[in-house]
Amino acid sequence: MSAPTRTAPETARTVRQLPLVPQAVAIVIAIALWWLVTTVLVAPDSLVRDFAPQYVFPAIVDLFARGVLLPDTLASLWRLLVGLLIAATLGIPLGLLIGLNPLVERATMPIMQFLRMISPLSWAPIAVALFGIGHQPVFFLIAAAAIWPIVINTAAGVHGIDQGYLMVARSFGATRLELLTTVVLPAIRAQVQTGLRVGLGIAWVVLVPAEMLGVRSGLGYQILNARDQLAYDQVMAVIVVIGFLGFWLDWAARHLLRERRRPVSVEEADRPL
């Protein structure tokens with residue numbers, strides 16, 4: 001007697017009931033492959049063995065216990081936040097201007113496409129020449145990396161607004177400021193949130209090499225410091241922490257910036273603009 005086969009809905013229901021099992025299995029497999037490549041498949045005296053998980057995870061604990069990693073992590077998160085705030089402060093108004101004014105869009109599009117195709121790290125020598133050694137060049141590079149997704153998504157959101165909404169608002173005598181605050185900004189919220197999330201991911205990738213420009217704190221600095229000491233287990237430990245933090249930053253952005261819908265009452269639906 002053959003065993004009953006599971007249907008697709010039953011399989012999907014099982015996955016929903018055990019949401020963390022596939023992720024846990026994938027993580028275990030990834031760590032096992034990591035151990036295999038850095039321990040079993042290399043010579044006993046190979047430098048690659050220093051990157052093995054059995055050395056890296058104790059190094060993470062040691063760095064935190066010695067009070068090294070937490071201050072550097074906080075410094076990196078602070079620089080990331082400042083750079084993102086600069087990018088959002090400049091990018092959202094620029095995206096609104098491009099989306100609302102066809103003349104501005106035609107005039108700026110070639111320049112914008114040219115600039116956004118340049119790697120943000122290419123600006124590093126110029127940033128150091130302009131701002132010197134310290135936090136400012138890091139802020140500049142993070143903002144240069146994060147601004148373009150914000151600008152493009154904001155402008156795309158404006159282009160996607162139903163013109164009927166704008167016509168109705170104008171028929172009720174709405175001013176330009178009222179159009180912006182009551183129609184445009186609520187309508188493009190999802191696109192702006194997407195731009196912020198994409199900008200966050202790009203900024204996190206740029207942050208670590210940007211912190212190798214002479215600052216004395218941060219995760220990028222800690223990688224250089226560990227390398228200079230030939231502590232390759234610590235180098236890999238910081239890399240693992242960077243990946244872990246990047247994952248949770250994206251998770252937090254996805255949940256904090258996601259669209260929160262609530263039921264609309266009959267009174268709200270019938271309310272005029």
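In case you wondered, yes, glycine gets a Cβ from its N, Cα and C as well.
Curation does not apply to TrEMBL; its annotations are automatic.
Positions annotated as domain 'ABC transmembrane type-1' by TrEMBL: 73-253.
A Cβ distance under 8 Å defines the sequence-distant neighbours of the transmembrane segment (20-43), meaning residues of its chain 6+ beyond its ends; these are 49, 51-54. Taken from TrEMBL, the feature transmembrane segment covers 20-43 (among others).
Among the features that TrEMBL reports, transmembrane segment is placed at 77-102 (among others).
Feature annotation from TrEMBL assigns transmembrane segment to 114-133 (among others). Proximity of distant same-chain residues to the transmembrane segment (114-133), defined by a Cβ-Cβ separation under 8 Å and at least 6 residues beyond the stretch ends, is recorded for 140-142, 144-145, 148, 152, 202, 206, 209-210, 213-215.
Annotation source TrEMBL lists transmembrane segment at 139-161 (among others).
Here TrEMBL flags 198-215 (among others) as transmembrane segment. Among residues of the same chain six or more beyond the transmembrane segment (198-215), those with a C-beta under 8 A of the stretch's C-beta atoms are 75-76, 79-80, 83-84, 87-88, 91, 120-121, 124, 127-128, 133-135, 137-138, 141-142, 145-150, 153, 221, 223-224, 242, 245-246, 249-250, 253.
What TrEMBL records for 235-253 (among others) is transmembrane segment. Within its own chain, the transmembrane segment (235-253) has Cβ neighbours under 8 Å at 50-51, 55-57, 59-60, 63, 69, 73, 76-77, 80, 196-197, 200-201, 204-205, 208, 219, 222-223, 226-227, counting only residues six or more beyond its boundaries.
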